[in-house]
Amino acid sequence: MSKTLYQKIYDSHIVYEDKNSEAILYIDLHLLHEVTSPQAFNALRNKKRKVRQSKKTFATMDHNVSTKIRSIHASGSMAQKQMEQLINNCTEFNIPLYDINNPNQGIVHVIAPEKGMTLPGMTIVCGDSHTSTHGAFGTLAFGIGTSEVEHVLATQTLKQKRFKNMKVEIIGEMPKFVTAKDIILFIIGKLGSSSGAGHVIEFCGNVIKNMSMEERMTICNMAVEMGAKSGLIAPDEITYKYLKDKIYSPFGIFWEKSLDYWKFLKSDKNAYFDKCVTVDISNLAPQITWGTNPDQVISIDEKIPDYNNINSIVKRKSAKSACEYMGLQSNTYLTNISIDKVFIGSCTNARIEDLRSASKILKNKKVAKHVTAIVVPGSGLVKNQAEEEGLDKIFIDAGFEWRLPGCSMCLGMNKDRLNFGERCASHSNRNFEGRQGRGGRTH
């Protein structure tokens, strides 16, 4: 029987399956951070349980950390408490931790791939919705809730139903100045923020084949913004080259054996997909969101749509509400709208390739005097590499603040946030109301 990539990975991780209930899947890697793990550890203690596979568990601090100084005391009392709890929990249960003083510390979805922890064919979970990022490696990766975090810590398994299969084929030639972020935003805008609900999406096509791993991670990172459980891309030579000689990658004879298995990880020719979509990006222009949902997006040269012309009552109300919150009017160009802040960072776009691209545009240019702009590398490794290449100097000369690694302004859980009514051009993945701070407006 022909199978999709998702079905192959799912089936190979079944510990137990009953026709009357969901399957129990083995989890190869469990990623932790300071925000969604404290309650799970407390539950373990209350039930007198231990962590079943501490060596298949990895933790870092990212959501709450200060990007100005290396101190757990710099982001408020709640953040400090969560980071202290993570340190204590990892010490007690013998879990590897990149804490605030570790030179490798950074965003969990940046660290795991760059260290070779993320490998094709694995199952990976984390108490964070953008765990789908790891799907770029042909990995079944998805976010889980705190009660599920507890379950994985205790059993290294997770009860999980079978999701439907969706294929998004991306074809054409990538236009100049168009990035992976533009492509996935365009797809979300075209198909809708619930188009992937109940599905795992496999991205394929010549555009995907020509993408770097950094670009593929951006695509899979935002699969959840289509409502999908996760995103997947079949591994290939680009994947293998990226993983070769990483710290946690297989080596020697184990590398060769892994390659043999990884080459099997692709959808069979006649595999059935419940939904198939083909998207041609040959004429695509850079994309930017105007509203409070990722599917409220337009090309940079388009006007904000007139919500009065939207047929769907629900979408019309949503568009009107978004315009009111964002302080925008229909039929205007976003290029004429003034911004207050710029954020380059997040698990979507804070890797070395992203910083290189941004620095090329900024070289010999200056940030407007009224704009506050920050760059937050995704990890210590990315930061060090950028500094070796002199990218930090380009950003600083342009008027940007060069910060320490962390989630930063992607979400309002630390001191990097928007003030009420401020408008930000952001590299992050969500433009929800208040996402970057109460009353903040995100593009």
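Using the three backbone atoms N, Cα and C, a Cβ is placed for every residue, glycine included.
The record from Swiss-Prot ties Cys407, Cys410 to [4Fe-4S] cluster, and of the options Cys323, Cys347 it ties Cys347 to that site too. Looking at Cys347, Cys407, Cys410, the binding-site residues in this record, the fewest other C-beta atoms within 10 angstroms of the C-beta turn up around Cys347. For the recorded [4Fe-4S] cluster site, residues Cys347, Cys407, Cys410 set the reference point as the centre of their Cβ atoms, and the other residues of that chain within 8 Å of it by Cβ are Asp62, His63, Ile107, His109, His130, Gly345, Ser346, Thr348, Ala350, Gly406, Ser408, Leu411, Ser428, Asn429.
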